[in-house]
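Peer 1: Feature list, courtesy of Swiss-Prot:
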- 4-44: disulfide bond (DISULFID)
- 6-34: disulfide bond (DISULFID)
- 27-45: disulfide bond (DISULFID)
């Protein structure tokens with residue numbers, strides 16, 4: 001997957017660690033959708 005910004009990482013993509021992974025077919029086991037707003041499918045962060 002491609003790294004993505006989790007809500008817990010900070011407000012912007014630049015200067016923050018991207019701890020999420022963008023999955024096209026939902027989140028793998030042990031992960032959850034990390035975006036509390038907007039489209040959440042595929043934006044996965046570790047629980």
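Every residue gets a Cβ built from N, Cα and C, even glycine.
Quick caveat, the model's predicted, so the values are computed rather than measured.
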Peer 1: Give the distance between the Cα atoms of residue 4 (disulfide bond) and residue 34 (disulfide bond), rounded to the nearest whole Å.
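Peer 2: Cα-Cα distance, residue 4 (disulfide bond) to residue 34 (disulfide bond): 10 Å.
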Peer 1: So, in DSSP terms, is residue 27 (disulfide bond) helix, strand, or coil?
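Peer 2: Coil, per DSSP.
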Peer 1: Taking the Cα atoms as reference points, how far is residue 44 (disulfide bond) from residue 34 (disulfide bond) in Å?
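Peer 2: Just about 5 Å between their Cα atoms.
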Peer 1: Among the disulfide-bonded residues listed here, 4, 44, which has the most company in the form of other Cβ atoms within 10 Å of its Cβ?
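Peer 2: That would be 44, with the highest Cβ count within 10 Å.
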Peer 1: Any idea what the Cα distance is from residue 6 (disulfide bond) over to residue 27 (disulfide bond), rounded to a whole Å?
Peer 2: 13
